[in-house]
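Notes follow the structure.
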């Protein structure tokens, strides 16, 4: 501990010298060739300071470890003293009992009762004494083992203390080495500072000499400028005459500018009229092409069928079991993708639908079959896509899918917003979303503040025959993420989107 205290004092002295060196740095002259080397010396000095700080931390940790071991050794000594005291008390108690036993035996021998009685008494008392003596010997042996263990622990503590002393000596040697390194760095820094001071003085002298030469050249240039001024006076008179002529021309410039503006305005007005006429013609052609596209698309949808029934057969899963009983009971017609065959009560039954997807069909294949309906929705027609089937048939997977492989709902919404973005330059869209549930013939608003409130379905009062739900909550959305945040319901029975389409400020087909 005394050695550690001495090392702390030496470290404080080194830190004081470092602070003195840091407080009086020499400012390097600008442009000196030794500035980089001085910066390197400063970096090296900072590294040495960091190493000294690390050694200081290690020394504090060693002091803490030595203190802990000292406390532990004191505790072990107290426990050893307590064990020795208990051993002494036990030995004294056993010796006292042994002495009492000897006295009892002697008194019994001195008595004159019959021999038979004496022998019986000895037989009764002797086992007790032997048992007590054996217990005392066993306890003595146990105490001796504990003393040996404590001596072993004490020996280990002494070895650890010796290792800590050795580590302290190593740290002291390192500190001495660091001090010598600091002294050497200090000497090098002083030499560098002297050389920098000499270089600074030499640079100042050279700069003063250059300044004198430049001042002489400036005086010579000033004399030349004065001679040039004397020769420029005739040219200045000529420039004055030219300026007066330009001034007269500027006075007549507004009349010329007004005539030019009138001509340009007439040309711009004629160009605007031509552009307007061209825009009207383009708009008329665009509307005609739009009506033709809508007509062709609607005709294609009508040919496919306004109401289509599509079947999708899911593959066999682990929940279906294993073995021949888990085989798929549905077969397909290789020549017609609208017919499906199955066995019902041992008899083959065939169904003809609009489209049949096998278990190998992907989510993209299913979505391509109904992709054209999204365009019909934008064109102003009501569109409804829903999945029907028993529990476990794959309705949720087909409609919602997963994050990596989305279903019809997510793909339809992505296509809807992509179409909106492509036509954003010519069309104005307002998309709102509502979520309602029809369960047990009861209509509820899933996005309202009170989902249990019952709603009603009514006809529009404008006579269009459309249905609407008074009081149904609506939210305006801008992307698919807004819809997923607003309506995070994987199994909504009825999802209503209201799309209002505007073209040049006039609402064409609200749906």
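The first residue you see is number 1, and the count goes up from there.
Including glycine, each Cβ sits where the backbone N, Cα and C put it.
Going by TrEMBL, these are the annotated features:
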| type | residues | note |
| --- | --- | --- |
| BINDING | 389, 390, 391, 392, 393, 394, 395, 396 | ATP binding site |
| COILED | 4-93 | coiled coil |
| COILED | 140-206 | coiled coil |
| COILED | 265-292 | coiled coil |
| DOMAIN | 306-483 | domain 'Kinesin motor' |
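The residues near the ATP site, meaning same-chain residues not in 389, 390, 391, 392, 393, 394, 395, 396 whose C-beta sits within 8 angstroms of the mean position of the site's C-beta atoms, are 314, 387, in sequence order. Same-chain residues at least 6 positions away in sequence with a Cβ under 8 Å from that of residue 394 (ATP binding site) are, in sequence order, 312, 314. Of all the binding-site residues listed here (391, 392, 393, 395, 396), it is 391 whose C-beta has the fewest other C-beta atoms within 10 angstroms. A C-beta separation below 8 Å, combined with a sequence spacing of at least six in one chain, links residue 389 (ATP binding site) to 395.
For residue 390 (ATP binding site), the count of additional Cβ atoms within 10 Å of its Cβ stands at 6 [all protein chains shown].
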